[in-house]
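Participant: Take this structure, written in C-alpha cells, and hold onto it; I'll ask about it next.
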Amino acid sequence: MVEMTDNMTRNYNNYTSTSKLEQASKQQTLAMDGYDNQGMLRSELNINGNATNVGNTCINMDSLNSKCGVVGTKSDNAGQLNEKQHFYDPYQHREVKHPTSYFDTLIHFLKASLGTGILAMPSAFKNAGYIVGTLGTIAIGILCTYTIHLLVTASYELCVKRKIPSLTYPGTVAAAFEDGPRPVRKFAPFAKMMTNLFLVLYQIGSSCIYVVFIASNLKAIGDTYLNNDTDVRMYMVYILIPLILISWIRNLKLLAPFSSIATCMTMVSFTLIFYYIFREAPSFESREPVGTIKSIPLFFGTVLFAMEAIGMVLPLENEMKNPKRFGSMFGVLNSSMIPISLLYTLVGILGYLKYGEHVKGSITLDLPHDEVLAQVVKLLLSLSIYICYALSNYVAFDILWKGFEHKMEKNEHKICWEYALRTSIVITTFFFAIAIPNLEHLISLIGAFCLSSVGIAFPAIVSFLTFNEVYKNAGNFRYSLFCLRNLVIVIIAIFAFIIGVFTSVSDIIHHMK
C-alpha cells in the first residue's frame, strides 16, 4: 500500500516571511484565535493561566486569561509572548493553487452527503420501522457530525505539533500513532495502510452504487419507451464512456459550478418526489413502528452510507481559502449536517409511509413509470449523481496517486499515467457494479463495511492518541470520561461492522440464488 512519504503533506518551502515585528504581531493574533475555531481544544486548557506544554502539545492561555481577567507578572507575560511568537498556525501556511470559498465548500459537502443514500432512506425505514428509523437517523447524524469534529480537531493539533500546513486523513492517522503512546508507535505504517485501504474501498464502493443507480433509473425510463425489459447491466455499458470522461476533470475548483447545477437539479427532483408522496396522503396503516432484529443492521449500514462523507472532509477543508470556517460553530460542517439529518429523516419516514413494504432501493424506482414528470425526476437525479461520481473518484484517485507520484516526477508521460489511473478506477467500479447490481444490498454493505471503521472508529482512535497526554494531566475524572467516550464510539463501530456486514452479505447471497 502507500508508504509514508513527504507527499502526504503539503510542505511549502517557498513561504515568504514578513518582518520580525510583523511576524510577532501576526503570530500573537494567531495564538489567541487559533484554537477558538477548534472548539474541542478549548476543553484541553489548563486554568492556571500559564502556557501549558504537555508532551509535544503547546496550549496558549492568553485568550482565556483575557476573558477571565487574569493578570500575569512581567515574566509570565514575557513567557506568554514568547509562546505566541513561536506558535505555528497551519492555516496561515497553506498555499492552495485553487482555494475554494465557504460557499464552494458547502456545495461540495452537500453533494458528497446528498447522494444516492438519501434516496434509499425509505428502504432503510422499511428495515427499521418508522419509530426506530426516526430516532436512529437523528442519532447517527449526531454521531457522524461528532466524529468528523474529532478528526478535524485532531488533524489541526497534529499539524501544529509538526509545524506542517495540512495532513490528509491517512497522514493524520499515521501522525497520531507516531506521536501517541510508545507501544502504538510501531503500528503507524500499518494504521496508515488500513486507512488508505478503507478509504479507497469506500470511495470505489460509492462509485459502484452511483453506477447502479444511474443505470437503474435509465432502465426505468428506457423500458417505458422501448417496451422491453433490458438488463440493467447493459445500461451500465452505455454510460461507461461518459463516466470516464467526467473522471478526467483534474481540478476540484472546476467541479464547483457543476456541483451547483447538480444541487439545483437535486432540489427540483426532491420537490417533485414530495409532490408524488403527498399527491395521495401517506398512511400509517400496515406500517411497522419497529423493524425486525435481522433487518435493523441493514438500516444502520444504509443510513451510515447515506450521511457519512468522511472521505471528503479533510480534502475539502485543506482546499478552503479560510479553513477556520469549516469546523466552527456556524461553519461548513454544522451548517450542512443539521439540514442533512432533518432531510434524511423526512424523506425516510414519508417515503416508507407512502410505499410501505414494497419500497425499492431508491424511491425514484417507486414513482410511476408512465408519467413524464416522474421520468424527469429520474433523469435529473441521474445527471446529478453523474456529477457526484466525479467527486467520489477524486478522493480515491488522490490516495492512489500519492503512492507513486514521486516515482513519476521525471517521467515525461506522467500526465498519461494520471489519466490511465483515473480510467482504471472507473473501470473497476464498473465491474463491481456488474457483479452486484442490487442497489439496496450494495448500499448497506458499503456502509457497514467501510464507514463503521473509517467513519466512526478511526476518528475516535485518532482523537484518543492525539490528546491522551493532555487529558492525563487534566485529572482522573476527565481522563476517565475521555477514555470512556472514545471506547463507546469504537464499540459501536465494531458492533455495526460485524452485524452489518454479516447481514448484508447474507442477503446478497440469498438474492443471487
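One-based numbering along the chain as shown.
Every residue, even glycine, has its Cβ placed from backbone N, Cα and C.
Got these off TrEMBL a minute ago, pasting:
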- 98-499: domain 'Amino acid transporter transmembrane' (DOMAIN)
- 102-122: transmembrane segment (TRANSMEM)
- 128-152: transmembrane segment (TRANSMEM)
- 195-215: transmembrane segment (TRANSMEM)
- 235-251: transmembrane segment (TRANSMEM)
- 258-278: transmembrane segment (TRANSMEM)
- 298-316: transmembrane segment (TRANSMEM)
- 328-352: transmembrane segment (TRANSMEM)
- 372-395: transmembrane segment (TRANSMEM)
- 416-436: transmembrane segment (TRANSMEM)
- 442-467: transmembrane segment (TRANSMEM)
- 479-503: transmembrane segment (TRANSMEM)
Participant: Between the stretches 298-316, 328-352, 372-395, which wins on the count of C-beta pairs under 8 angstroms to the transmembrane segment (479-503)?
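Facilitator: Stretch with the highest Cβ contact count: 298-316.
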Participant: Which sequence positions outside the transmembrane segment (195-215), separated from its termini by at least 6 residues, show Cβ-Cβ distances below 8 Å to it?
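Facilitator: Tertiary neighbours of the transmembrane segment (195-215) are 1-2, 115-116, 119, 169-170, 173-174, 232-233, 235-236, 238-239, 243, 305, 310-311, 362, 381-382, 385-386, 388-389, 392-393, 395-396, 399-400, 425-426, 428-430, 432-433, 436-439, 442-443, 445-446, 449-451, 453-454, 458.
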Participant: Using Cβ atoms and a strict cutoff of less than 8 Å, what residues sit near the transmembrane segment (258-278) while being 6 or more residues removed from its termini?
Facilitator: 107-108, 110-111, 114, 343, 347, 350-351, 354, 363-364, 367-368, 373-374, 376-377, 380-381, 383-384, 387-388, 390-391
Participant: In terms of Cβ proximity under 8 Å, which residues at least six beyond the ends of the transmembrane segment (235-251) contact it?
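Facilitator: Contacts with the transmembrane segment (235-251): 98, 211-212, 214-216, 218-219, 222, 386-387, 389-390, 393, 397, 418-419, 422-423, 425-427, 429-430, 433-434, 437.
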Participant: Residues of the same chain, at least six outside the transmembrane segment (328-352), with any C-beta under 8 angstroms of its C-beta?
Facilitator: 37, 39, 102, 105-106, 109-110, 113-114, 117-119, 121-122, 124-126, 130, 133-134, 137-138, 141-142, 144-145, 148-149, 152, 270, 273-274, 277, 282, 287, 303, 306-307, 313, 316-317, 320, 359, 363, 366
Participant: Same-chain Cβ contacts of the transmembrane segment (102-122) under 8 Å, 6 or more residues past its ends?
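Facilitator: Those are 137, 206, 209-210, 213, 252-253, 255-256, 259-260, 262-263, 266, 302-303, 305-309, 311-312, 316-317, 319-322, 325-326, 332-333, 335-337, 340, 343-345, 347-348, 350-352, 354-355, 359, 361-364, 366, 381, 385, 387-388, 391-392, 439-440, 443, 447, in sequence order.
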Participant: The transmembrane segment (128-152): which same-chain residues, six or more beyond its ends, come within Cβ distance under 8 Å?
Facilitator: 38-40, 121, 169, 172, 284, 287-291, 295-296, 299-300, 303-304, 307-308, 310, 313-314, 317, 326-327, 333-334, 337, 340-341, 344-345, 348-349, 352-353, 455-456, 458-460, 462-463, 489, 492
